[in-house]
């Protein structure tokens, strides 16, 4: 129950906390009530690790690569194609499963409520119908919210921000686990059936990514099963490429837009891109669309008619009836401006709401209660709107799935009910394709207003749900309203067909909320099956993005920022040329010698205060006093595998041959390397020596300390590095640049600002 005063309070809260210094916050912590978590968006969290896109080219790796001949490389390439095909097939099947289950459960719910309403309209007592509808919604959403809040919180929301972070190179915990996939799919089904203002399209992207990560590793750590296939792909480089293919397959299953999927993972995701990758991703997207298409065609009973390429089908737009003329282009641009402003308003409201949620609604039980409240309120609002609406349309010739009669004459139905009493996907298609005159302007205006706030309140709940469809629905409603008012103004001239304006409004609203340009244009073109609208859709989306960016950033970027993720954009901040690597880097660096005491290594790894993940290896000459030059870089995970396999020799006989580790030993430990606490090293073993020369990466990337920040940033971002060593002119290690050091600098309102680092 958010009263206006509490909204103002949220606004003041965020203003107060943002302007306060962090030190003041820390001194106030003990006096605060424990049920409020102070959250500040000018922080970067240190709990996120980085992915390593760069292969460690140590001797083991080079030996293995040299052993592989041309034929073996070809089999690896074939395996990649096979994996992409499997990703496509499985993503398509998951999409089919979601679609069929949602259709049946939602149909059942709407039939029950419709019979109930028809029964009570005759004899009075409609409040029982309202109670039934609200209770059904709240109970279904309760189940969907409980599994997310208590079992796997990462599955909340649409999952697109998390996948963006993963492809950017940030390791979000649990994001590509099997458990997440199961919870995600069940949660989406329950939240759509529960009648929330959500879509099932966004989560498909996350599901596709999880499927891709799972298949490409050839094993499931959740099920403790190792299938001993695809072992070559057990490293971040390969896994991330497959995850981008999975994200693309998810988009193309959701919208029936394979090219849009490829462009989505290019625009939102991958920082590293090559020709073959594009081709494989496209292959995965096509397979996923085709799988969905064939299975749904068989399910609908016409096996040879491949007519449903995606989960949402906007229906055909005929070019003959729906062409546009040159004088409409300014109108479209104006719609883009409106979409940008409304999108910015949506994002700003959602920002305040999310800050409020992070601070106060952080207990799982509270989150479930909030989700149930939203579900009940959504049903109530829908019911009241249908009850108060006097907009009646004749039933014959209209394609309404569940026509509610209520107080209309016989043979007529309530047209507000087509918008509220339906899954959002169907409502969008109705708004696009119903003939002119199916909707009263008053109905559309009220619907837009209410649905805008409902959708804004719903995004960020602890349920799995996408924001694509609700924003399309809001946009289609005000776009259709716009079209109707245009035909009033022009005295019903032929070109003001409301369906066309509904499409442009939907594009403008979605572009204003998520700010995607390239992929969204192509997705809309592919989903409507019409190239004619390519140009106006592009204009609308560009305008919406430019206008919206003037106020706030896109919804996904905003949520990434609110989670304090160290996200690296394409370019360094524009004004950062004055900074050099010396000012950015972390010092002092913990270095290891090439032949090091085991005890030293264990102590360094066990030190919780530093918790570094990469250690420069320097030349070990004990007699000289000066620091020796850089010889290589070794990772925490590699050191842990070495200690686990006890690869060390005693002091006296340094020339003994140790047991050779294979690269396979490192791959088997990936991705969950055991913590250092679980590895037991006895007192005698602590005095042994460990030789790092064949395990360290002998050629790490380095920069001189005079390099400017944009140069360091470019190197780091383009190669997908995790560690960048800073050296002086004698090749001695002076510092280390990691993702957090670069993500700290951001362009704020007053120019370049530096964020603080926080442990939480």
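Note: Cβ is positioned from N, Cα and C throughout, glycine not excepted.
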Kindly point out the range from 467-489, 559-581, 582-604, 605-627 that TrEMBL annotates with transmembrane segment.
467-489
According to TrEMBL, which stretch among 108-129, 130-151, 152-173 corresponds to the feature transmembrane segment?
130-151
Can you dig out which of the ranges 277-299, 300-322, 369-391 TrEMBL describes as transmembrane segment?
277-299
Ranges 47-68, 201-222, 399-420, 531-552: which does TrEMBL label transmembrane segment?
531-552
Per TrEMBL, the range holding transmembrane segment, considering 22-41, 422-441, 442-461, 642-661:
442-461
Of the residue ranges 501-525, 676-700, the one that TrEMBL records as transmembrane segment:
501-525
Between the candidate ranges 242-265, 722-745, where does TrEMBL place the transmembrane segment annotation?
242-265
Which residues, given as numbers and ranges, are at least 6 beyond the ends of the transmembrane segment (81-102) yet have a Cβ under 8 Å from it?
181, 185, 188-189, 192-193, 200, 204, 207-208, 211-212, 215-216, 230, 233, 242, 245-246, 249-250, 253-254, 280-281, 283-292, 295-296, 299, 311, 423
When only pairs 6 or more apart in sequence are counted, do the transmembrane segment (329-353) and the transmembrane segment (130-151) reach 3 or more Cβ pairs under 8 Å?
no
Considering only Cβ pairs within less than 8 angstroms, which of the stretches 130-151, 181-199, 467-489 has the most against the transmembrane segment (442-461)?
467-489
By DSSP assignment, list the helix, strand and coil residue numbers for the domain 'CBS' (696-754), in that order.
16 helix, 22 strand, 21 coil
